[in-house]
Amino acid sequence: MLFENSMVSDLFAAVVCCGVIFAFLLLWQVTAKCGLDQKLNRKLVHISIGLVFMLCWPLFSAGYRGAILAAITPGVNIIRMLLIGSGIWKDEATVKSMSRYGNYRELLKGPLYYAITVTLACVVYWRTSPIGIAALCNLCAGDGLADVVGRRLGRKKLPYNRNKSIAGSVAMATAGFLSSVGYMYYFSYFGYIQESWGMILGFLVVSLASALVESLPISTELDDNLTVSLTSIFIGSLIF
């Protein structure tokens, strides 16, 4: 903790965490305005926000209060997505940095599912469960890099889904797995979890399952932020 008083420490950590996340969001809004490719910019938001948020978790206390106060940041983003996506709040910079086609109503789908997943992973699983790690790493690093790599190297398409590529699926499984292992060691350094080869193997299974589901046509129809998150949590719950 940052201070001896746990309440003061958690409140200060919440302010710091919120400042860091919204600084990143502001950065991607600026890059969007400066003309960075909209698809790439959107995926940089997708990859970075959840992973940076997880890096802030050790700032908070170990109890449930720490998890709740940490969840304020993505919780606020849920409200932002609802307000902007419904048209109540006009924010063209956010729409441009997070949407595929520049339509504000897109924020009520993928970006909203993303914010909900990050919030629930924080509150429900916190720092002591590999399920939360797997869910966020496959959602952020895995799904994010799948699109980036797929658009650049994805010449060979999957036989059962011509909108997805072999390179993208391999990138997703690899990035989701490696980031999960990285965060396992990160949280084990603070004593929150105990790293093991069994956990590493579990992360591999979850990442492969998430990449498979993401490659299916149904993920495009429903939204891969939703299907990847549900798959990671479901398979993770069976394994860990």
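Here, residue 1 is simply the first one shown, and the rest follow in order.
Cβ coordinates are placed from backbone N, Cα and C, and glycine is handled just like the others.
According to TrEMBL, the feature transmembrane segment maps to 12-32 (among others).
Sequence annotations record features per position, and here TrEMBL assigns transmembrane segment to 44-60 (among others).
Beyond its flanks by at least six residues, the transmembrane segment (66-89) meets 10-11, 13-14, 17-18, 21, 53, 56-57, 60, 95, 104-108, 111-112, 115-116, 118-119, 122-123, 126 of its own chain at Cβ-Cβ distances under 8 Å. Residues or ranges marked as transmembrane segment by TrEMBL: 66-89 (among others).
Per TrEMBL, transmembrane segment is recorded for 110-127 (among others).
Long-range contacts of the transmembrane segment (133-154) within the same chain: residues 39-40, 43-44, 46-51, 54, 114, 117-118, 121, 125, 164-173, 175-180, 183-184, 187, 202-203, 206-207, 210-211, 214, 224-225, 228-229, 231-233, 235-236, 240, each at least 6 residues beyond the stretch ends and with a Cβ under 8 Å from a Cβ of the stretch. As annotated by TrEMBL, transmembrane segment applies to 133-154 (among others).
If you look at the transmembrane segment (166-186), the same-chain residues 6 or more away from its ends with a CB under 8 A from one of its CBs are 51, 54-55, 130, 133-134, 137-138, 140-151, 153-158, 193, 195, 199-200, 203-204, 206-208, 210-212, 214-215. Sequence annotations record features per position, and here TrEMBL assigns transmembrane segment to 166-186 (among others).
Sequence annotations record features per position, and here TrEMBL assigns transmembrane segment to 192-213 (among others). Sequence-distant contacts of the transmembrane segment (192-213) (same chain, six or more residues past either end, CB-CB distance under 8 Å): 58, 62, 127-130, 133-134, 137-138, 142-143, 146, 169-170, 172-174, 176-177, 180-181, 184-185, 219, 227-228, 231-232, 235-236, 239-240.
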